[in-house]
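First comes the structure, then the notes that go with it.
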Amino acid sequence: MMASSYNAKDEDGHISVSGPGGGALRSKKPENTAFKQQRLPAWQPILTAGTVLPAFFIIGLIFIPIGIGLYVTSNNIKEFEIDYTGVDMSSPCFNCSQNFSWNSTRPCTCTIPFYLEQSYENNVFMYYGLSNFYQNHRRYVKSRDDSQLNGDVNSLQYPSKECEPYAYHDNKPIAPCGAIANSMFNDTLELFYHPNGTKVPVPLTATGIAWWADKHVKFRNPGENQNLTAVFQGTSKPVNWRRPVYELDYDPLNNGFINEDFIVWMRTAALPTFRKLYRIINKKDNMVPTLQRGNYTLEVVYNFPVRSFEGRKRMILSTISWMGGKNPFLGIAYITVGSVCFFLGVVLLLIHHKYGNRNNSADISN
Amino acid sequence: MGMDLSTLRTLISRYCVGEENWVDSRTIYIGHKEPPPGTEAFIQQRFPDNRIVSSKYTFWNFIPKNMFEQFRRVANFYFLIIFLVQLIIDTPTSPITSGLPLIFVITVTAIKQGYEDWLRHKADNAVNQCPVQVVEHGKVICKQSHKLRVGDVVLVKEDESFPCDLILLSSSRDDGTCYVTTASLDGESSHKTYYAVQDTKAYTTEKEVDSIHGTIECEQPQPDLYKFVGRINIYMDNEPVARPLGSENLLLRGATLKNTEYIYAAVIYTGMETKMALNYQSKSQKRSAVEKSMNAYLVVYLCILISKALINTLLKYVWQADPNRDEPWYNQRTEAERQRHIVIRAFTDFLAFMVLFNYIIPVSMYVTVEMQKFLGSYFIMWDDEMMDEELGERAMVNTSDLNEELGQVEYVFTDKTGTLTENNMEFIECCVDGHVYVPNVICNGQVMPGAAGMDMIDTSPGPEAKEREELFFRALCLCHTVQVKEEETVDGIKHGIHQGKSSSLYISSSPDEVALVEGMKRLGFTYLRLKDSHMEILNREDEIEKFELLEVLTFDSVRRRMSVIVRSGSGEFYLFCKGADSSIFPRCVAGKVDQVRSRVEHNAVEGLRTLCVAYKPLIPEQYQELCHLLNGAKLALQDRDKRLAEAYDLIEKDLILLGATAVEDRLQEKAADTIESLHKAGMKVWVLTGDKMETASATCYASKLFHRNTQILELTTKRTEEQSLHDVLFDLSRTILRQHGGMTRDSFSGLSGDCTDYGLIIDGATLSAVLRPSQEDSNSGNYKEIFLEICRNCSAVLCCRMAPLQKAQIVKLIKASKENPITLAIGDGANDVSMILEAHVGIGIMGKEGRQATRNSDYAIPKFKHLKKLLLVHGHYYYIRISELVQYFFYKNVCFIFPQFLYQFFCGFSQQPLYDTAYLTLYNISFTSLPILLYSLMEQHINMEILKKDPSLYRDIAKNSLLRWPIFIYWTILGVYDAIVLFFGAYFLFDNTTFTSNGQMFGNWTFGTLVFTVLVFTVTFKLALDTHYWTWINHFVIWGSLIFFVVFSLLWGGIIWPFLNYQRMYYVFMQMLSSGPAWLSIILLITASLLPDVVKKVIWRALWPTTTERIQHFAFLMTFLHLDMAAL
């Protein structure tokens, strides 16, 4: 009765007993596959000093040049950073940072002069950097409504609960809702070049700073091709904003939810010190460097308060290579790991030489 | 009137108490007939029906009961709590992340357990529905077994087994006896005689039986197989006749009727109240040692988890002390949150951290372990080497929970009859005056010369020698209690079962006697029958010789011999005596004692069961005298046994030694080899048998359990009669300890190899004396300890004369001893069931003695020899597989969760998850689950053949060596290291810099995805590094799950998923892959995190290789040599 183990084949075997003598036995015996007998052909590598040695040397030989390459590339990148928070009394933005109030109608502006010691070839990327700003705080990260941002009309009227306490204002839904949108970086940075005492504005491009997919797929204005003002009728602007979302830019392709500054801000940073792409300074022609050596001024419309949480604001100018911005870490890490591998390779070679033979002879004597 | 009242009172009291067990006796109405009026009024008691239930669930209670049992498991309960917390409070991850795996686990387990219970139901039904013949209204009706009720009268035919406990009423034999074998109950395959009560034995047809009017009063069921007290009242002419009933009237469920055409019997105990069922132990869930260490690790991780959550909660509030950090202008709380009390907030934060880190205790580990065990057990069932061609059976797995425990066995408790031996006696040789006769070939009594070095049989023996030779043969033909079964009842089928051997013709309570009589037949003297107290022998010349059987001096275990007195055809009186050598030699006055003795000793060493035969011619006067003596003793009313013994002692003396015989209880094929392998693998083998000591020890020698140089310590009734138990125990322990001291000295001088090893023989009675908890003196508590100490130092122990429950007791004793060794019990009969259930691993042999053992075992194998592969290969594999599985699971979850912990320090302790929900959920379920599952099914670190050839490899994994704390800590540290490399690697790459070549920035989800990608690759590669046996399946699964991860991530980020309320992962993975530095850093981080483990492995292998690694290396070299040879 219990002959029926898990496989029903056994029982089949019983039934076919009436068959030719050997047949019954064979049917009882399941197909003798290598898998069932755990005898599948297998590659059985073992990690010995002998087999690992070449791998270590190869890794070392590959990693060290890569590391050197990365390090050199990183060093060739030009980067300029300026802190315009206005913590020091001497800082031009000190006043603005001191007398900050959300309700002030007149924006506070300050001008910071700086000197570029090198000329910047190629495209220059202009970033703003914030420190001690926790964009990755859980309450903050989830405080957004992706379907509202994707143009969903229903979500426009009834923002997600996650946006609380930035979902409704004066009983009107906030568009865009949530803490992230509400705290959007709203300083205006302008750059001026001062060749020979004149003041030449540096042309800044505000497009191409957001991910292509975000700009074209993830973020959409509600109501296809309608007048934005009409679409956002009945919604309230985020509390801290000076202008409603449909007045972010004059260019209809960069207005509303698909405003690139907005999209960039909405991609929450991983760490409390971060930078975000603000503008691109495109190279105009091959003869002139994008930014020449010389005196510049940064004109800031100071709207974004960071002093209350001991934050910092920076403006960064940087060129970019194929491996991104200035970051010596990757190159150093490659060189380190490569050298460690190489070193271990040497150690293992010694061990292999000293003990490998003894080991083998012991085996064979066994 | 007064009587009526008392009846009423009894009635009321019986029904009011509501508990039927208070009656300590029961009354049974044979055939459900009312007793005649006027007798004492009996109240019909209610008895259970004859249903056997071994299943756990019914259809209705399956879901609630199974759920309850599953959530009683700490791990499941923990996950349930986490799930509920996620449902109730606002937590960083959605309830789906833990709900989905939990539901999956619970469902898979429920399905598995349901399926196993369904199998048990099927088996129960098969038993419960087998047909039974019942006498009702003078007719025989066929009923299903479970419908039997107490009081029914059943008809049992030959070779059927009894459906429940029965009182024999009558049999087809005139004397009201029947023969029964209780092989499946207590392992004794000999036929025992049972008796019907005098007053009922004449009722031999169904009509007559139906007319029996009577009641049986007997005790309530109790598990002792050999005890029964009762009384039968037969009403004849309304006049009750009371007769006592004892165990000789009780036929037990599970026993089989033999050599009797049919019997009628009354049902007294049914179903779960039968003695057989009461001897079962309740099935308890067996847990393996691996599971225990898993639980220990779990507790450690739980502590880590709680402390992580506590630390984070604490730091969170320290950090938040500044209101500008707690609630900066850009990140305000809702009003409701602000209003919440600080304590509640802190508590929910704590819970939220718990939820965030809960993945460190992997739900999926339990699923994977369950699946690994369930699927892995198929390899045992599929194994062709564990299939018996003859029986057509292969190994069976009843509980897959214990696969790895097979690799951890330290004590093996084995049954003897049917497990070690074939349960099939065979005559090997006899020795007459030093001449050895070996009936090698069955054909017409050809005499073959004996072993080399012995006296060859004289080709032309002198007339005197020939005479003695024939006298010896006649003695063996006459001196026995064998019965001959009539030819006509032997049908062809029966012949078939016994492979045409004539053994089925002779029946005896001692299989040795059958073997001897059969052996004589082969040597030319055939015992025909006993007719009118004349024994008939067919001699070599085909003449029938008749001997009148005058007296039988029956065998008893004290004398250890038996005798017959016969008168030959020519009127001479002879006394023939056969018995153990120790009881015959001192009584011999003539014969070639020395030659015979040397042969006997030689045979005993070979593991054969030897008997000596002697005779004494009697003159008629002597016979008369003896007769007188015997009759006087037999008729004595007082001290009958003592006087009989004295009489026997007087009669059986001054014997003339004829020779000796040797009988073999054939060992199972390769039993000795198996036992030797088990010994070499470091296991201690105990034989527990119901058999008598001599037989059992002979088997032990034959099966190499005891070696020639094993020093045997006896702890038997015989010895404790001479000395007190106390002294014996202390004597033995002193012997052992002296040896032990010597051994340590030896080991100092490096000569530990040749110390004598000890074997202990203990019998049931002594064992119970040792184990008996005694009230008066505290010494007895020590007995157990001393006994255990002795046992620990014996490489082999033989326990004989054991009752089934005693077998379980001894297993329990060892189990509970201070090292907590892993025990394995193996047996084939119902008498082994209790020990099979008690031991950590119970193995059933699919023997001749029914299916009880098989059904109750965890694993069932066709033959004892299969144990070797089951333990040494399968057990070994499963152990290393599952230990890697467990360690790896904890490792990969440390790698998984520790970065998340570190991330809290950079996100203001806000419980922000580092990874996306999908990754959190699928990491354990799909990205990293299959490789380890397949690893844990396929891995073979050492070739199967080597494992079989070298049993000492089993010692490498003994005592749960791969799950010890240092190894666990190593894995955990490795996990933490990897996590740190992953997290800080990504951190420094992300820190305040651009990562792309178009200047655009990445966000927190890209950061998490980068860590996660490196993580998945690292842990998978780590497994790949550990894999030693790469079949195509391993390749497929390892590379396949990495590809799956990439494809999934592309898909997950490739679409705006309409059903999700967030699109945080949109395009993240692709954007990451489009960045060159991301690729470079993935490669770098994987390399950096794998590096230390590889280096550790290589260096350890080179400097301190384990045996396993040596053998791996050797095998590796061999394959290379092989290849070279092939190339040449």
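Cβ coordinates come from backbone N, Cα and C, glycine included.
TrEMBL does not curate its annotations; it predicts them automatically.
Taken from TrEMBL, the feature domain 'P-type ATPase N-terminal' applies to B:44-98.
Non-local neighbours of the transmembrane segment (B:71-89) in the same chain are 95, 97-99, 101-102, 105-106, 295, 298, 302, 348, 351-352, 354-355, 358, 361, 363, 366; each lies 6+ residues outside the stretch with a CB under 8 Å from one of its CB atoms. Sequence annotations record features per position, and here TrEMBL assigns transmembrane segment to B:71-89 (among others).
What TrEMBL records for B:131-206 is domain 'P-type ATPase A'. DSSP labels the residues of the domain 'P-type ATPase A' (B:131-206) in these numbers: 8 helix, 35 strand, 33 coil.
The feature transmembrane segment is assigned by TrEMBL to B:296-319 (among others).
The transmembrane segment annotation in TrEMBL covers B:350-369 (among others).
Cβ neighbour count for B:Arg609 (ATP binding site) (all protein chains, 10 Å cutoff from its Cβ): 23. The ATP binding site annotation in TrEMBL covers B:Asp415, B:Lys416, B:Thr417, B:Glu513, B:Phe555, B:Lys578, B:Arg609, B:Thr689, B:Gly690, B:Asp691, B:Arg801, B:Lys807, B:Asn831, B:Asp832.
Other Cβ atoms within 10 Å of the Cβ of B:Asp415 (ATP binding site) number 30 in total over all chains. Residues annotated as active site, 4-aspartylphosphate intermediate in TrEMBL: B:Asp415.
For the recorded site, B:Thr417 (ATP binding site), the DSSP three-state label reads coil. Residues or ranges marked as Mg(2+) binding site in TrEMBL: B:Asp415, B:Thr417, B:Asp828, B:Asp832.
What TrEMBL lists as domain 'P-type ATPase C-terminal' is B:855-1106.
As annotated by TrEMBL, transmembrane segment applies to B:918-938 (among others).
Annotated transmembrane segment per TrEMBL: B:968-990 (among others), in sequence order. Only residues 6 or more beyond the boundaries of the transmembrane segment (B:968-990), in the same chain, are considered here, and those with a CB under 8 A from a CB of the stretch are 297, 300, 887-888, 890-899, 902-903, 906, 1002, 1007, 1010-1011, 1014-1015, 1018-1019, 1022, 1077, 1081, 1084-1085, 1088-1089, 1092-1093.
Here the transmembrane segment (B:1002-1024) has long-range neighbours at 888, 891-892, 895-896, 899, 912-916, 919, 923, 927-928, 931-932, 935, 978, 982-983, 985-986, 989-990, 995-996, 1038, 1041-1042, 1045, 1049, 1064-1065, 1068-1069, 1071-1072, 1075, 1078, 1081-1082, 1085-1086, 1089-1090, 1093, meaning same-chain residues at least 6 beyond its ends whose C-beta is under 8 angstroms from one of its own. According to TrEMBL, the feature transmembrane segment maps to B:1002-1024 (among others).
Taken from TrEMBL, the feature transmembrane segment applies to B:1036-1060 (among others).
Summarising the annotation, TrEMBL assigns transmembrane segment to B:1066-1091 (among others).
Rounded to a whole number, the distance between the Cα atoms of B:Asp828 (Mg(2+) binding site) and B:Asp415 (ATP binding site) is 7 Å. For the transmembrane segment (B:1036-1060), same-chain residues at least 6 beyond its ends with a Cβ under 8 Å from one of its own Cβ atoms are 916, 918, 922, 926-931, 933-934, 1009, 1013, 1016-1017, 1020, 1023-1024, 1027, 1066-1070. Secondary structure at B:Asp832 (Mg(2+) binding site), taken from DSSP and collapsed to helix, strand or coil, is helix.
Long-range contacts of the transmembrane segment (B:350-369) within the same chain: residues 75-76, 78-79, 82, 85-86, 89-93, 98, 101-102, 104-105, 108-109, 294, 298, 301-302, 304-306, 308-310, 312-313, 882, 885-886, 889-890, 892-894, 896-897, 900-901, 904, 911, 913, 920, 923-925, 929, 932-933, 936, each at least 6 residues beyond the stretch ends and with a Cβ under 8 Å from a Cβ of the stretch.
Beyond its flanks by at least six residues, the transmembrane segment (B:296-319) meets 74-75, 78, 325, 346, 349-350, 353-354, 357-358, 360-361, 886, 890, 901, 904-905, 908-911, 968 of its own chain at Cβ-Cβ distances under 8 Å. DSSP gives B:Arg801 (ATP binding site) a coil state; it is part of no helix or strand. Counting every protein chain shown, the Cβ of B:Thr417 (ATP binding site) has 30 other Cβ atoms within 10 Å. Per-residue pLDDT, averaged across the domain 'P-type ATPase C-terminal' (B:855-1106), gives 91. Cα to Cα, B:Thr417 (ATP binding site) and B:Asp832 (Mg(2+) binding site) are separated by 11 Å. For the binding-site residues B:Asp828, B:Asp832, the greatest number of Cβ atoms within 10 Å around a candidate Cβ is found at B:Asp832. The DSSP breakdown of the domain 'P-type ATPase N-terminal' (B:44-98) into helical (H, G, I), extended (E, B) and coil residues amounts to 29 helix, 0 strand, 26 coil.
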